[in-house]
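Below: one structure, written as structure tokens.
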Amino acid sequence: MCRLYAIILIVLVMNVIMTIIPDSKVEVVSCEDCPEHCSTQKARAKCDNDKCVCEPI
């Protein structure tokens, strides 16, 4: 039973860490905002399945 509580505690801590430190590469940007978003990264805007993809110039 103690192991079960330890596993649950570890999972909860990992969830909190992932919430606090999100993956910086994953940014959901709509196609309308894509050109502005990619211009800040000096990249070319491209929409792929309604997701913004910035291609290096």
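Yeah, the Cβs are placed from backbone N, Cα and C, and that goes for glycine too.
Residues annotated as signal peptide in Swiss-Prot: 1-19. The feature disulfide bond is assigned by Swiss-Prot to C31-C47, C34-C52, C38-C54, with similarity to another entry given as support.
On the structure: features taken from Swiss-Prot.
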residue: C31; record: disulfide bond; CB count, 10 Å: 15
residue: C34; record: disulfide bond; CB count, 10 Å: 19
residue: C38; record: disulfide bond; CB count, 10 Å: 20
residue: C47; record: disulfide bond; CB count, 10 Å: 14
residue: C52; record: disulfide bond; CB count, 10 Å: 20
residue: C54; record: disulfide bond; CB count, 10 Å: 19
Neighbouring disulfide-bonded residues, C-alpha within 10 angstroms of C47 (disulfide bond) - of C34, C38, C54:
C34, C54
If you measure from the Cα of C31 (disulfide bond), which of the disulfide-bonded residues C38, C52, C54 is the nearest?
C52
Compute the C-alpha separation of C52 (disulfide bond) from C38 (disulfide bond), stating it in Å without decimals.
8
Do you know offhand how many angstrom separate C54 (disulfide bond) and C34 (disulfide bond) by C-alpha?
8
